[in-house]
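Novice: Dropping a structure here in structure tokens format, bear with me for questions.
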Amino acid sequence: MARFIFITGGVVSSLGKGLASAALGALLQARGFSVRLRKLDPYLNVDPGTMSPFEHGEVFVTDDGAETDLDLGHYERFTGVAARKTDSVSSGRIYSNVLEKERRGDYLGKTIQVIPHVTNEIKDFISIGEDEVDFMLCEIGGTVGDIEGLPFFEAIRQFSQDKPRGQCIFMHLTLLPYIKASGELKTKPTQHSVKELRSIGLAPDILVCRSEGPIPQKEREKLALFCNVRPDSVIAAQDLSTIYDAPLAYHREGLDQAVLDAFQISPAPKPDLTKWEDVSDRVHNPEGEVKIAIVGKYVQLEDAYKSIAEALTHGGMANRVKVRIEWVDAEIFEKEDPAPHLEGFHAILVPGGFGERGTEGKIKAAQYAREHQVPYLGICLGMQMAVIEAARNVAGIAGAGSEEFDHEAGKKRFEPVVYHLKEWVQGNYKVSRKVDDDKGGTMRLGAYDAVLKEGSRVAEVYGGTAIEERHRHRYEVDIKYREQLEKAGLCFSGMSPDGRLPEIVEWTDHPWFIGVQYHPELKSKPFDPHPLFADFVRAAKESSRLV
């Protein structure tokens, strides 16, 4: 039976609850315990799949096809435990489930209310798989005091009462602002946040306090006194130069020991932090630097490409180099020559996206990389734009483009080298889609197999010809153009097992030019870098010696 750790936040959002949860999960693993992490989001969207990247940041996709919060990416990267659909839920999903049950008559004519029906649905979600692990860490999105979060806070209060004493603890993450004028850390916002938490029936066992620097002992004792926690359960979460120092930093602060003490687990197994010490060493002691341009549509919010940035960092670790990322707005290249902007970069990455805006700029970035022999990695839309560039400028397919852009414009303008994917095989089933289907949850989502061409670069990179990668797309390169494109030198080096869907393309006469329809960044980890990113950074390292 799992022990439950509920992580809440106060004062302000974006303090790092997800990272704190992931780091704690990693520390518990280092002591030999099994963990699973969950995210409960109070927003009313059913999932983040239809939310703007500017609004929400990256959508993290699981193997089983769930579109989830980017925090699940942190959970996977730090613990290596693959997230599932049952590890992410929103108010929208909870209310949808309750209303579906009401329509079916599951409640036998009762008046449906937040308490007990909504809270029971939340508790049922939290309980899924509780017999599988030693610790279940559940992060509640938002901050204490948000009206949207009240059903979740009430649900975890009830949940802790339903369980035997000592099976649930609460960890509260707050901000200790530093006032330069007085030279002081202020504890009052944290005190008020805990007061708000206690007013709804929740008392924190552990306080994690985000601050710019160390927390003096006097402030720790003050927080312990007024927030009713043990002094050694007041944990400093100082600003760090890299998120990969978080497990070691939290261990030095005693977070994992405070959790074990709260559960009265004694004697506690000693942690083995060897792999995190190695990760930290690789981050802080690089033997060189490479510059990589990410040419994207949502570069104003870097969280929109969170997993890509982290995967590049992992690739840097594998090659003992620091990866310096520079964000380039693809729209700039629709009006300007890309050469002055891209000269000096050791590699170019074009990530995914939706809609026509910025795509001509991405096509120009792919053209620049091809013509100037710069290592190029195109992901999802980045692969599609590389294929369109090849079709237009090498294969002689005039007017090559994507059906996505025609659908957006409401008229046919392009030769559809990229088309709307209407059916595909998922396991033993055929999935069908129409252009006018709902947007939510209708893409080709989750893990799919691919078969690589023997002797291709990607087969060499992966060390084999059978792979499984995660997807999130509704448009696909049309295989009917394959022969014409391959005659021009663009190799279709990865296909779906039935041979109908192109998964990978590469230029055979280029030092390193690969486009993939899937999202390899979603499976990369600091202690297990994805082979594509590791080899891409290796190619950038080679390129840096030539520039």
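Each Cβ is built from the backbone N, Cα and C atoms, and glycine gets one as well.
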Novice: Name the one residue among K123, K218, K222 that Swiss-Prot lists for the same UTP site as S13, K186, T187, K188, P189, T190, Q191.
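Specialist: My reading of Swiss-Prot gives K222 as the candidate in that site.
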Novice: Taking G316, G344, G353, G446 as the options, which does Swiss-Prot list with L381, G382, M383, Q384, E404, R474 at the L-glutamine site?
Specialist: G353
Novice: Considering the ATP binding residues S14, L15, G16, K17, G18, L19 given in Swiss-Prot, which of D69, D71, D87 is annotated for that site as well?
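Specialist: Checking D69, D71, D87 against Swiss-Prot: the ATP site match is D71.
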Novice: Just to verify a number: CA distance, T190 (UTP binding site) to G18 (ATP binding site), in angstrom, no decimals.
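Specialist: Pair distance, Cα basis, whole Å: 19 Å.
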Novice: Using C-alpha atoms only, work out the spacing between E521 (active site) and C380 (active site, nucleophile) and round it to an integer in Å.
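Specialist: Their Cα atoms are separated by 11 Å.
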Novice: Sort the binding-site residues K188, G353, L381, E404 by C-alpha distance from L15 (ATP binding site) and give me just the closest.
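Specialist: The smallest Cα gap between L15 (ATP binding site) and any of the binding-site residues is with K188.
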Novice: List, in sequence order, the residues of the same chain other than S14, L15, G16, K17, G18, L19, D71 whose Cβ lies within 8 Å of the centroid of the Cβ atoms of the recorded ATP site.
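Specialist: Result: G9, A20, S21, H74, E139, L173.
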Novice: Which whole-number value in Å describes the distance between the Cα atoms of H519 (active site) and C380 (active site, nucleophile)?
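Specialist: The separation of the Cα atoms works out to 7 Å.
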Novice: Which one of these binding-site residues has the most other Cβ atoms within 10 Å of its own Cβ: S13, Q191?
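Specialist: Top count of Cβ atoms within 10 Å goes to Q191.
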Novice: Just name the most isolated of the binding-site residues G16, G18, P189, G353, G382, going by other Cβ atoms within 10 Å of its Cβ.
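Specialist: Each of the binding-site residues G16, G18, P189, G353, G382 was scored; lowest Cβ tally within 10 Å is P189.
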Novice: From the binding-site residues L19, E139, T187, K188, P189, pick the residue whose C-alpha lies nearest to the C-alpha of L381 (L-glutamine binding site).
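Specialist: Its closest listed neighbour, by Cα, is L19.
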